[in-house]
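This report concerns only the one structure given below.
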Amino acid sequence: MQNFKELGISDNTVQSLESMGFKEPTPIQKDSIPYALQGIDILGQAQTGTGKTGAFGIPLIEKVVGKQGVQSLILAPTRELAMQVAEQLREFSRGQGVQVVTVFGGMPIERQIKALKKGPQIVVGTPGRVIDHLNRRTLKTDGIHTLILDEADEMMNMGFIDDMRFIMDKIPAVQRQTMLFSATMPKAIQALVQQFMKSPKIIKTMNNEMSDPQIEEFYTIVKELEKFDTFTNFLDVHQPELAIVFGRTKRRVDELTSALISKGYKAEGLHGDITQAKRLEVLKKFKNDQINILVATDVAARGLDISGVSHVYNFDIPQDTESYTHRIGRTGRAGKEGIAVTFVNPIEMDYIRQIEDANGRKMSALRPPHRKEVLQAREDDIKEKVENWMSKESESRLKRISTELLNEYNDVDLVAALLQELIEANDEVEVQLTFEKPLSRKGRNGKPSGSRNRNSKRGNPKFDSKSKRSKGYSSKKKSTKKFDRKEKSSGGSRPMKGRTFADHQK
């Protein structure tokens, strides 16, 4: 395996890379860096998490060190990805005087104009805000020699294809080296390559997200009215460390987030209407384990690079294979195992088959957890919490109440009653989600058929998960047991069973 120095990287940059823990280049870095240093156009097909930022960022640092003015422009689909790329570039170039500026919407443009006037060597931005600066002439292109399009297919999916053309057309082709990276190569991206790139070197890497055996993929068949309860039952049984939940619409994300919070789960939501300050706050909470469930739309989650995600739940099935690929690619990274579960209405099974055919592998059918499994998981969780609570000092007033109760009731019955209330507390909470119509069946041409997706004049009614619960699941179970007042010693406490987890593959 070649090291970075053997690829032609300077000692200063190698030192920065080693301080970041990067000793050897990843496959895409090894294949891309030599051509990038020569100024050759590069067309890279790679997923997030393969080291593609280093593939274009490391040679870029080598080309701009010691020079002044904007020399490189990097386009990214989202604000989060733009910030992540910029931060990595700053780390790559530590101590070498390279200035990196980010420009994106949701932040004051005046502050960005001020930063651009200082003549940074590298600008990273989203297409819309970059065009704003081009039109204002606050971003000059005459000195730009390198243009990089990161996650080009995502920018296309978000409707930026014309913006990408506009920006590429503004940078003089004679002096421009173009590097385009994309997980997939749809026709629109291929046309962009043909129009604006000069005999690019094509580099492909192993499709980490689609072929990674570390991701176990499942689907579970569930009707819309039963979906939320089935989902929370999976959460109770799986006990995810960090989970990303995908909803199809902003409304779905808002309602699902509120419903989860009301049930006691640590969740936050992300979608396109969330302010930049709120987005940063939510992501910080997720990365710092203050919350463990992130509910998001496809657009809001694009460009996020969060490690440690153990589970991905497609609460709403994605409408195309590419979205599915990007969704499940948030888990199973860095050699860790991941689980992806897709909830599918019976009439949406054509979409599951389409995804399986495109990816060349089958998903495993996963039955919803039984009530017994859910209760066992909740009991295990409560036992662990109680053990943690016992290590903390209780307030004196609570000790007084405890003494009074223990004097009045049998201790085992008292603890059992309290545990039952804790375990079944979620069943008492009512939540409402707007009914979402399932996707249309696929026709013979692979496109939706019939009129299932036509807008109903009556709108989308709301359903109450308490009254419309899954068959066999009670929404409200109150204990009818009356515990006896204490007359005799209980003879000691009853031993609890050890912690067991239901097998998600049963």
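Here the Cβ of each residue, glycine as well, is placed from N, Cα and C on the backbone.
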Under Swiss-Prot, the annotation motif 'DEAD box' belongs to which of these stretches: 46-49, 150-153, 358-361?
150-153
Students should find that the motif 'Q motif' stretch in Swiss-Prot, chosen from 2-30, 437-465, is 2-30
I'd like the number of other C-beta atoms within 10 A of the C-beta of LYS52 (ATP binding site), please.
27
Three-state composition of the motif 'Q motif' (2-30), taking helix and strand from DSSP:
16 helix, 0 strand, 13 coil
Across the whole of the motif 'DEAD box' (150-153), what does the mean pLDDT come to? Round it, please.
92
Out of the binding-site residues THR50, THR53, the residue with the smallest number of other Cβ atoms within 10 Å is THR50
DSSP state at ALA46 (ATP binding site), helix/strand/coil
coil
